[in-house]
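> Pulled these from TrEMBL:
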type     : residues : note
COMPBIAS : 152-171  : compositional bias 'Pro residues'
REGION   : 144-174  : region 'Disordered'
REPEAT   : 6-92     : repeat 'Solcar'
REPEAT   : 99-217   : repeat 'Solcar'
REPEAT   : 229-318  : repeat 'Solcar'
Amino acid sequence: MAEKKVSLPAKLINGGVAGLVGVTCVFPIDLAKTRLQNQQGVQVYKGMLDCLAKTVRSEGYFGCYRGAAVNLTLVTPEKAIKLAANDVFRQKLSKDGHLPLWGEVLAGCGAGTCQVVVTTPMEMLKIQLQDAGRLAAQRPVKAPAQAAAAPGPAPSLVAPPPAQPNPPPRPSATGITVKLLKTRGLAGLYRGAGATLMRDVPFSMIYFPLFANLNALGQERVGNVEVQAPFWQSFVAGCAAGSVAAVAVTPLDVIKTRLQTLQKGEGEDTYRGIIDCTRRIMRREGPAAFLKGATCRALVIAPLFGIAQGVYFLGVGETLLGLLE
């Protein structure tokens, strides 16, 4: 089967569909990653499985999808910008149909830079919603003995127990957005943009060239025509390249998550910028803290890009465009 040429609109549709399906499948693991990365003093969760189990126990099954609506809403334009930018840069940097390795790296760099326009506010809102459950689990519960020790007349034996304080309302994406716009303006939604850029640009610089080269291994040519790689090869190449890139940039993802988290738990640090965050994490938690959530990131990114290759191989975008013609 000859290597098929896919139009840009079809690529955008494929990217959007892959993003929607992928986010739905792996979002609970992404939530665990965010909560594990934000742990500083009080260790609410021992690991990914413990985090997911406690989340389901305290917040229900759909608690694992807190913040998913933001991702599902913005993942399509994010993927569209990323794929379109990478496609444009690859075409501009190609010479006689050949793209050297440095061109692949630069194309990935350009794609990662362009997608930050959508990725930063999406991550900003998603992190607040994901981390709310961890903060709620940290809040101390007032013990009955503390109430009994309070001065005043002894309570009646038949009196009803004192009313428990109402838990704080759950944050919503709309409420967070309005508050940020009122207090900090548009810049509030782009807090941590520099750290997001530091993460996404190296990720794209690693992923796109690595995937292209892994996918080309063993790829045959019939005359001057390249034969399309089989599905399993594209799927494995997408998973492998995604996992390697995800783990490689995990330290930058930890810094980005810490900077974008607005509400901190008791005794947790706040940061003035990327350098201050890096120094404080290194001093208080050691170098191992920069790899928090690395396993979760690999488990999230690998299926996302594997699904993307599956959608591309099946030609979902081409089929939908064909139906509309």
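Each position is counted from 1, following the chain as shown.
Just so you know, glycine gets a Cβ as well, placed from its N, Cα and C.
All annotation found in TrEMBL is predicted automatically rather than curated by experts.
These figures come from a predicted structure and were not determined experimentally.
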> How does the repeat 'Solcar' (6-92) divide up by DSSP, counting helix, then strand, then coil residues?
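Grouping H, G, I as helix and E, B as strand yields 73 helix, 0 strand, 14 coil.
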> Can you tell me how the residues of the repeat 'Solcar' (229-318) break down into helix, strand and coil by DSSP?
70 helix, 0 strand, 20 coil
